[in-house]
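Database features, via TrEMBL:
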type: DOMAIN; residues: 1-29; note: domain 'DEAD-box RNA helicase Q'
type: MOTIF; residues: 1-29; note: motif 'Q motif'
type: DOMAIN; residues: 32-207; note: domain 'Helicase ATP-binding'
type: DOMAIN; residues: 234-378; note: domain 'Helicase C-terminal'
type: COMPBIAS; residues: 388-399; note: compositional bias 'Basic residues'
type: REGION; residues: 388-430; note: region 'Disordered'
type: COMPBIAS; residues: 400-411; note: compositional bias 'Polar residues'
Ligand code: AMP
């Protein structure tokens, strides 16, 4: 299905063709006709599926179709997003779509000065993309008004709830007196999400893009079993040997990101950081360097990298397995976008085997394992056996369950292993 057959204004069609869009993606095929008829939408779709255009294009077309009210300074469409990066990216996409129209868009999010945003808002903005916290600050300052809101989008709504934005959303909604056409996009659904959807949406039409559409066809998943303390070394080796040119590496902690940056530098690999301690401007610079190929690796945490769109990104590495299996899907959603090939690599230590099982059951297939010569994990089988049986020792204080760990002098790892076994034992007694 092509964009030219969708009856969009010529200004929009021209802009889309400059973006390189020819055919609608599955979520666009399903959501655009319904949204253009004015229905509320409840969509189950991940980042990488083309969901931004799925909600933005019907809004843009309807804004062009309807004549503007007298008050030029009120926001007509609001898109709420969980993170700064995602908000900036959505605004950039919308900017691309509206470039031949008289409409305007602005992104407001924390980490940059309020004053520069106030100036933009004063000039009047048709489409506002915002993170909830910063929007509330602007509502308090009265630099923005939602009195005449016609369209409302919750993007990555699951992540907004995970980040505790529910009360911010309620505060924002208390300032909306109109009944805007509302669209909610989420990768996962929970009872809390269903409650939010029930409160916000009016007889919504449901749109769903299955996970197979998102990943299976275009992304090759691979697991490398490896001991935690050898992951640094293996990453450098794989990047070098396989000549990976652009690699987004996910870690669970900022500290790991900082450590890994130093290690890669020692191996002569230029990397940049994208995590919550970095100022907004530093993150943007890092992303630009990575996109332009000045840095070969970007090391990111989940929240900071949420929704990042890096065209044609070939490799994503889970240096740490994510805490939540759903985050695996979000992370690898950065590669294999818009039908291109992607490569999702996970480094899995013995402690992360359980998470891997959860990921495999979520995505519905087992992931190919590759043992990298020289990095085979020690005593993996013994550990797996122990995890699935009662502890074989009585005096936990004086024994570790894995003598080879003790001989390596890694007290921390032994303690972690003891915890796993202890939890297992407690569970077994219940
Ligand atoms: P999104 O899920 O909105 O983050 O979009 C993922 C990527 O797909 C972005 O780089 C979009 O620019 C791109 N994209 C969205 N729709 C299309 C389309 N119909 N054809 C080609 N690329 C698209």
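From the backbone N, Cα and C atoms, a Cβ is placed for every residue, glycine too.
The domain 'Helicase ATP-binding' (32-207) scores a mean pLDDT of 92 in the predicted structure. Below 8 angstroms of C-beta separation, residues 43, 45, 49-51, 53-54, 57, 60-61, 64, 96-101, 207, 209, 213, 338 of the same chain, each at least six residues beyond the ends of the domain 'DEAD-box RNA helicase Q' (1-29), sit close to that stretch.
For the domain 'DEAD-box RNA helicase Q' (1-29), the number of residues in each DSSP class (helix H, G, I; strand E, B; coil) is 18 helix, 2 strand, 9 coil.
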